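*Asks:* Per TrEMBL, the feature domain 'GRF-type' maps to 36-76. The feature coiled coil is assigned by TrEMBL to 82-149. Residues annotated as transmembrane segment in TrEMBL: 159-176.
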Amino acid sequence: MKSVVRSNISPLISKHDVNRSESVLSVDTLGNVDAPTCKCGKKCVLYISKTSKNLNIPFFRCPYFKQNRPHCNFFMPKDKFIESQITMVELLEAKINQMERDVEVMKIEIENDMETKINRLERDMEVKISQFEREIELMKIQMIEMQVKMEEATNWKRYVRMVGVVIVVWLYPFVFGSKKRLFK
Ligand SMILES: [Zn+2]
């Protein structure tokens, strides 16, 4: 694993890493710029190499490096760190773009789904409305039929009453006339 890490580092800096004494501790010139976190979980310190072969090459090290205490031996050239930051930003950008595309697709899907649902609802409503209309028509016909029947019944009652009156009028002279004749 360590050999893989070393292969990523340029040979000049690797050599420099081995010859620790040749590097010079520098003031952190990064200011507010981010620094990598070492395996101890600490923000790294920026050093600048002062070897003749490797003059003024900035690199990050564990903050406990150069201190008389155990440390994780973390090492990363500044260029590589910036590169990794750029890669991370690019990855984030790509991720955001992908997410934006996903959102667009989802929006279209939702719109299509809504449209399908609305169309189905409209069709259902139309079917229900036409059913209601048919029912209303049927009820109207039933009502007219009932009105006709009621009218017929009323007419019939009137007719019966009229016939009754006619019969009474017609029978009156016979009944009372014969009585009169009997009394006489
Ligand atoms: Zn460390």
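Placed from the backbone N, Cα and C atoms, the Cβ positions cover glycine too.
Automated prediction, rather than curation, is the source of TrEMBL annotations.
How about a rundown of where these features are and what they're close to?
*Replies:* Model confidence over the domain 'GRF-type' (36-76) stands at 90, taken as the mean pLDDT rounded to a whole number.
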*Asks:* Which residue counts does DSSP give the domain 'GRF-type' (36-76) for helix, strand and coil?
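*Replies:* Within the domain 'GRF-type' (36-76) the tally stands at 0 helix, 17 strand, 24 coil.
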